[in-house]
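Record features (Swiss-Prot):
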DOMAIN    58-196  domain 'RNase H type-1'
BINDING   Asp71, Asp192  Mg(2+) 1 binding site
BINDING   Asp71, Glu109, Asp132  Mg(2+) 2 binding site
Amino acid sequence: MAKSKYYVVWNGRKPGIYTSWSACEAQVKGYTGAKFKSYPSKEEAEAAFRGEEATPKLAKEEIIWESLSVDVGSQGNPGIVEYKGVDTKTGEVLFEREPIPIGTNNMGEFLAIVHGLRYLKERNSRKPIYSDSQTAIKWVKDKKAKSTLVRNEETALIWKLVDEAEEWLNTHTYETPILKWQTDKWGEIKADYGRK
C-alpha cells in the first residue's frame, strides 16, 4: 500500500496543503513561479507551510509537459519488476511491460528508458523522457547496464531484455533528451506505481 504524502503549495493558484499529487498539480501546473514540495507527514507539511522550514528553492527548470515519463514498479529488489511509460501531461499509459519474475529496480528503470527511446523514435517524436533514476539515466548514456545481478536461469529473462536494450543503444542514434525528474520539487513522477 502506498504511503501517504502531503503536498505543500506556497506559490500556486490556491496555497495550502494537499493530500494527493493530482490536487497539488492542479494548483501549480502552468503557474509561473510555483513553489511546492512533498512531505511524508501532515505535521512536517504543516510546519513547512507555516514557514518553519527554509523557503524551498524554485525548480531550476519548469516541467516540460509535452514529454514521456517512465517508472518502475517492483516488489522486492531483486524481485518482480514491471515498468510503464506515460504521457507526462495527461497520465495516459503509452506502453507497459508485463511483470518480469526477477530483476532489480535499476534494471527496470534502464529498460523503461530504452523502451521510451524506441517508442519515440518509431513515431519520429523529439519529446524528452523523464526518469527519476539517475543510475538508469547514466547507464543509458553509457550504453551499458552495470548491474551486479547474477546471471542464472532465474534472471535469464531480464538479462535477455537488458542485452537487447544495450544492443539497440549501440546500433541506433537518438536525439531524445533524457531528463531527471525532480521528485523533491515536483512530487512523484507521473508514471509512479504508488507502491513506495
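Placement of Cβ uses the backbone N, Cα and C atoms for every residue, glycine included.
A quick note: this is a predicted structure, and the numbers were derived from the prediction, not measured.
DSSP assigns Glu109 (Mg(2+) 2 binding site) to a helix. In this structure the C-alpha atoms belonging to Glu109 (Mg(2+) 2 binding site) and Asp71 (Mg(2+) 1 binding site) are separated by 6 Å. The average pLDDT for the domain 'RNase H type-1' (58-196) in the predicted structure is 91. Under the DSSP three-state reduction, Asp132 (Mg(2+) 2 binding site) is assigned to coil, being neither helix nor strand. Asp192 (Mg(2+) 1 binding site) falls within neither a helix nor a strand when secondary structure is assigned with DSSP, and so counts as coil.
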